[in-house]
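Okay, structure first, notes after.
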Amino acid sequence: MKRRNKDTCIVISGESGAGKTEASKYIMQYIAAITNPGQRAEVERVKNMLLKSNCVLEAFGNAKTNRNDNSSRFGKYMDINFDFKGDPIGGHINNYLLEKSRVIFQQEGERSFHSFYQVCVCVCVSVYVCVTRQTDATISWYTDQMGRGSVTSSIDDGADFKAVADAMKVIGFTADELQTVYKVLATILHLGNLTFGVDGDTTLIENSKVVAVIGDLLATKEENVEKALLYRTVATGRDVIDKQHTAQEASYGRDALAKAMYERMFCWIVGRINDVIEVKNYDAKVHGKNTVIGVLDIYGFEIFQNNSFEQFCINYCNEKLQQLFIQLVLRQEQEEYQREGIPWKHIDFFNNQIIVDLVELQHKGIFSVLDEACMNVGKVTDKVFLQGLNSKLVNHAHYTSRKLSPTDKSLEFDRDFRVRHYAGNVVYSVVGFIDKNKDTLFQDFKRLLYNSSNPVLKVMWPEGKLRITEVTKRPLTAATLFKNSMIALVENLACKEPYYVRCIKPNDVKSPLLFEHERCRHQVEYLGLLENVRVRRAGFANRQEYPRFLQRYKMISEFTWPNHDLPSEKEAVKKLLQGCGFEQDVAYGKTKVFIRTPRTLFCLEEQRTEMVGRIVLFLQKVWRGTIARMRYRRMRAAVVILRAYRRFKVKSYIKDVNHKFKNVRSMKDHGKHVKWPTPPKVLRRVDILAPLLFLWVFPCCFRWWAWMLIKDMTPEEKLRIRAKGATLEALKDQRPDLGLQRTWEGNYLLLKGGGYTFCVSQINRFHKAEDRAVLITDRHLYKMDPQKQYKPMKSIPLYNVTGISVSPGKDQLVVFHTKDSRDLVVCLKGMVPAGDSRIGELVGTLLRSHRTSTAIQNLSSTGGWWHLNWEGRARGNGWSGIGGTK
């Protein structure tokens, strides 16, 4: 399936008890073991569901027969869906012809379905046991006919029940659904104990207490159950009447109800399993192609002591599957050799198409005769059906009866007929054929179960909602339904590539150690295996069309990889196989190449696997190079785009700057309030370095800025600006506050004559503070007494002042140094806001007064004091000095 990406199917065939069910289990276990190496949770869930479904279906569809302790009494075809990696993603189960008659009758030595015995033995608190207070299947006539309800040594009902209950929980059955299943089983067992009697013209239920139990189990009223069992509602036009059953009709209705309930429950279980395991939300365009492996596990060929309608249908099914095998393996293969021009000697085989036609042919087949008998008006018996067979099949080589062969004493008059199947002769009893084919169930039972308050039962019986007077079509007979399902099954299998598992039963006594050669030889013969071996041995193990073969193996040869230049694909295949040395093991047809032995195919696969690894490495190399080049082109394009974008952002930023500073000349503060726009990221670093570049490259800009600020000032304002500039130059970073932010008044005492005046405090020789005033003119420094109308107390010529000393702190202490070492020590105070310093103003005034005639000598520090020394000329007088003491 993975190699050729083609749907396949596995047909498991063999007699009853040959091991078909076990073979299907091995197949499922094998698929579960080799798939999902990545341990994906969803795939593991699906595999677990598929495996658990086998356990559940065996419990409800298998039974012990005289030939097999675990005989499948239904046909099962399971489709397993796989994703493109070969992991199972879901499935679907189709069931065929459940042998529901086994519910009410089993032959001697056989049992009913396993589920009845499991629920009786193990459900100690189940609804059935709670009502009956018993735990043995022998309490029901259905499961203990002639004392056959005991558990055999090969079956452990207790362990099986636990396994089935766990499996149903894993699959997803709810607790209510499980209880409903147990109630249906209990109802069927109780129906087996119902007996009917007659009181005059009235039919009665002899054990009426069972009716109450059944009503409780079915969640419906007791009187409704009793009415459905004893009466049949008949609609004649507009009138509706209740027709009472006879005791025989009531027994027939009871048995029909039991069979129908079990069949509906089984089909509902299969439907619930399909709801869980079916593939959901799978899109082939997204998830890849969905391939299928189908596994067919269906009942084998059966020959019992008493063969009835069910055995006839089962054997017909096996005839159809054998016909499929003949069609695909024996006939079509030989025809294909002849069609392709391969030398071939025809091998004869038995074609069972004549037997298939005997059963299903229109108007003359056994099924058609049976349906015709069922549709006749009036009372139709099984004898009438047998008479119809005798009249229409009188000359058929594979059919006979006692009337057609009067000397054959193995056949009973008006009861038996014999069909010569491919597996042997089988004698069928026509007793029950008509009733089983009609499969009649009164509508009253359907309405009863549909009107139940149990929602699960309502789902099982949807047709119960029909009104009594509503007219419906005649339902198809059981034979027609089974024939149609078999035809559909064969068509489904034919569209897939089939593989066969032939199960051979070694003996009839269920012994694992006994091998009966004659028994096995007979099975090998009628299964057509001898002819199959002859065809395979003389034929070819594998055949493929030239394009498909070349597509798969062309990488092996240098003449065909990656493409060939030969005249045709047939010539290319020949060249490839000759190069590998296989020309003696192949044959060339018109459209296909035929390979005789599997060994050649295995060698081709090994060489292909080796070359695929090299091709993958080469493709990876090319693809990685392609990805690298694509990545490089994207990166180069990104760089170009980024470069252009950066240029755009820089140009936009420059335009924004030009726009903002366009009219700064006409602004009152010459653009001081204008904020620079935020630069783009590419200019963030430039924005940090811009002030330094501005100072270094464009000092004239600062001169222009200064000129723009001072050009409109008054002379007094210019003198103050120069004084502040001198102070900043002399004491920058030396004191915390130089008073540059406030206006310098200069003449704080408002004395006539101008000059720089200010109040000070001085410590006299008695160590007391005295208020004084200081006046600095362009020639002298005067100390005055404010209490005597600012009378000068001391006059110091400025040329005699060698320097001043100030501290780096916030105090206002000033020392004027003189040449005669009679320094003046004062503390500035008053006339300014609290906390403001006037040291800067004093220093600036002195420096401004002597800027034109004095040069600052140096600025030194001693013990934390700063000393400002100068030398120069004033009015022709030269003076100089050094800083005084602390």
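Just so you know, glycine gets a Cβ as well, placed from its N, Cα and C.
Automatic, uncurated: that is what TrEMBL annotation is.
As annotated in TrEMBL, region 'Actin-binding' covers the listed stretch 486-508 rather than the other ranges in 210-232, 486-508, 601-623, 624-646. Highlighted in sequence order, Asn68, Gly300, Cys503, Lys505 have their Cβ within 8 Å of the centre of the Cβ atoms of Gly14, Glu15, Ser16, Gly17, Ala18, Gly19, Lys20, Thr21, the residues recorded for ATP, and are not part of that set.
Counting every protein chain shown, the Cβ of Ser16 (ATP binding site) has 21 other Cβ atoms within 10 Å.
The Cβ of Gly19 (ATP binding site) lies under 8 Å from the Cβ of Cys503, Lys505, each of which sits 6+ residues away along the same chain.
Most Cβ neighbours within 10 Å among the binding-site residues Gly14, Ala18, Lys20: this distinction goes to Lys20.
If you take the C-beta of Thr21 (ATP binding site) and look for same-chain residues 6 or more apart in sequence within under 8 angstroms, you find Glu58, Asn62, Asn70, Ser72, Asp297.
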